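According to Swiss-Prot, the protein carries these features:
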DOMAIN    4-244  domain 'ABC transporter'
BINDING   Gly38, Pro39, Ser40, Gly41, Ser42, Gly43, Lys44, Ser45  ATP binding site
Amino acid sequence: MNIIEVENVSFKYGNSKAYSLRDVNLNVKKGEFLGIIGPSGSGKSTFCLTLNGLIPHSINGEFEGNVFVDGLNTREHSVAELSTRVGLVFQNPDSQLFNMTVLEEVAFALENLGVEREEMWRRIRWALKLVKLWDKREEFPPNLSGGEKQRLAIASVLVMKPKVLVLDEPTSQLDPLGREEVLSLVRLLNKEEKITIILVEHNTDFLLEHADRIVVFDGGRVVMEGKPEEVFENVEFLERIGIRIPTRVKIGYELKKRGITRRAVLSYEEIIAEIAKQLR
């Protein structure tokens, strides 16, 4: 069952002559973990903004096509209504945090929606425990680490109980520890909470291991999609458009070029076995 359906979507920002998205068609299944990759300026972030209605409702430009989220056409429903179905997390957590305590940050959206107090507290406790920030609920958000800030931004979206979580390069400004904290949380949300994940991420090693499907953007278009092992087999094409190749695929590709293997996408066990054969 598709939870998101994108039909012939194109978009051009109001002050631009060029389209940021061109004829994008894409379906996302309920419960799927979808990874999105592409060079800078390829339309990835713009695509994310179409999924919760910020485009076309809040961002000026020319929008063509339709996006359906959980059966709702984003043209016909407000961003507030869509936010209970799609949560959006940006690169910089500071752009989403503006309250005095962690607790107030997570409560903010629920108060605006008029959620009953008992239900509000139940959701807040659930979300903060899930992202491992319950013990820091009285902290001033700017005092948190980068990884903690991003987890707080995720919690502030999770309390809305969205069926889909869209994360636009959530680890790009984090140190290695912060990246691991956030990506571990993303895995948990998909596997245990059954939330559909759409993750724009430069960490292709992570996507190769954990995504169900990869979509490649270039020039505002979807130029490739498939299972991770299928997509990353196209090493030369991905390198040509500026995609970082996962470590084990790089090794496998070198073996393939030397005629040692037929595939570039190999497990580390397969790589070790092939190298061992050559050393005998």
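Glycine is treated like the rest: Cβ placed from N, Cα and C.
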How many neighbouring Cβ atoms, not counting its own, are there within 10 Å of the Cβ of Ser42 (ATP binding site)?
24
Looking at the binding-site residues Ser40, Ser45, the one with the fewest other Cβ atoms inside 10 Å is Ser40
Quick one: give me the count of other CB atoms within 10 A of the CB of Lys44 (ATP binding site).
23
All chains considered, the count of other Cβ atoms within 10 Å of the Cβ of Pro39 (ATP binding site) is 16
Within its own chain, what residues at least 6 apart in sequence put their Cβ under 8 Å from the Cβ of Gly38 (ATP binding site), listed in sequence order?
Lys44, Val216, Phe217, Asp218, Ile241, Ile243
